[in-house]
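Handing you a structure now.
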Ligand SMILES: *Cc1c(COP(=O)(O)O)cnc(C)c1O
Ligand code: SF4
């Protein structure tokens, strides 16, 4: 098969496309994706029966390399047959989140912070996602049901931060977010708002002028945690989209997941941190893979994790080294993973 340049096959510029339109034209057919990239489908056995199907915006596909079956961006989204193999120790709810949901849509696991599941939808389906087996879309709270969550927050004086999560909270329309944020602002003891979203990375036009204004005008201290795993995900359109948020004083952070075949190399992780900083984003967390069924092929062996971490610390300024953490069910925080001390 002849390798083509993705920018050519695309035949259109997605850079200025409205985000809702980009969401409607995501690629969901594995063979189509491989064909567009000039990769022989015989070379990559795809699972077409996946209950968590392929879903990837074209703006993200445009950053993949043509004719590279091992492309780190492609690997994050392509449902391989390997996912169907059961692996011991990989389960459907590895974090036992179901136990920490006092009212529908609100997860209260850590002191002072609650997480709201704003929507079950995502623009992209990441194969390593620990929420891949959750029926979020089926139980999305209505406005009336959200009032229980707001009451819960109002009655717990210790809660000072509300985190919008999902699914992807920015797949909700701006007017819904404006309503939600308005309700949160009305709770006196809440001082911080955090949004965890992969949408700015995969569809940069999601950062609309209305969204920037909404966050700029909030009385809350706002942070946005984007989610990128590889420097190639961070293109100039993202840099441009984030600029108004920076000017508005929004704190920009990134979280990544350590993934075999995607970013388990010290050069790749360093480049990611440096590129993030160049576009005004600080590395926050580097998560070890959650042991969710279907993601075993992304696991990085423990010894390799330690080698990588020591190499990163030896190479980068401290503020560009993300905190390496793992999620432990029922723990009081995400658990730091420390490198062994070698004097
Ligand atoms: C990760 C997470 C948070 C936020 O933790 P930080 O350490 O503050 O980033 C809050 N609630 C839940 C349920 C989480 O998984
Ligand atoms: S919740 Fe985040 S990691 Fe999971 S599929 Fe959605 S965008 Fe990807």
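Using N, Cα and C of the backbone, Cβ positions are placed for all residues, glycine too.
Copied straight from TrEMBL:
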BINDING   122, 126, 129  [4Fe-4S] cluster binding site
DOMAIN    108-323  domain 'Radical SAM core'
MOD_RES   334  N6-(pyridoxal phosphate)lysine
Would you mind sorting out which recorded positions among 122, 126, 129, 334 put a C-beta under 6 angstroms from ligand 2?
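Cβ under 6 Å from ligand 2: 122, 126, 129.
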Where the criterion is a Cβ under 6 Å from an atom of ligand 1, which of the recorded positions 122, 126, 129, 334 meet it?
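Only 334 qualify.
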Can you give me the Cα-Cα distance between residue 129 ([4Fe-4S] cluster binding site) and residue 334 (N6-(pyridoxal phosphate)lysine) in Å, rounded to a whole number?
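With distance taken Cα to Cα, residue 334 (N6-(pyridoxal phosphate)lysine) is 16 Å from residue 129 ([4Fe-4S] cluster binding site).
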Which of 122, 126, 129 has the fewest nearby Cβ atoms, counting only those within 10 Å, among these binding-site residues?
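So among 122, 126, 129, the binding-site residues given, the one with the fewest Cβ atoms within 10 Å is 129.
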Please report the distance from the Cα of residue 122 ([4Fe-4S] cluster binding site) to the Cα of the residue listed as 'N6-(pyridoxal phosphate)lysine', rounded to the nearest angstrom.
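Answer for this pair: 23 Å between alpha carbons.
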So, three-state DSSP: helix, strand or coil for residue 129 ([4Fe-4S] cluster binding site)?
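DSSP assigns residue 129 ([4Fe-4S] cluster binding site) to coil.
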Whose Cβ lies within 8 Å of the mean position of the Cβ atoms of 122, 126, 129, the [4Fe-4S] cluster site, other than those residues?
124, 125, 127, 128, 131, 132, 168, 198
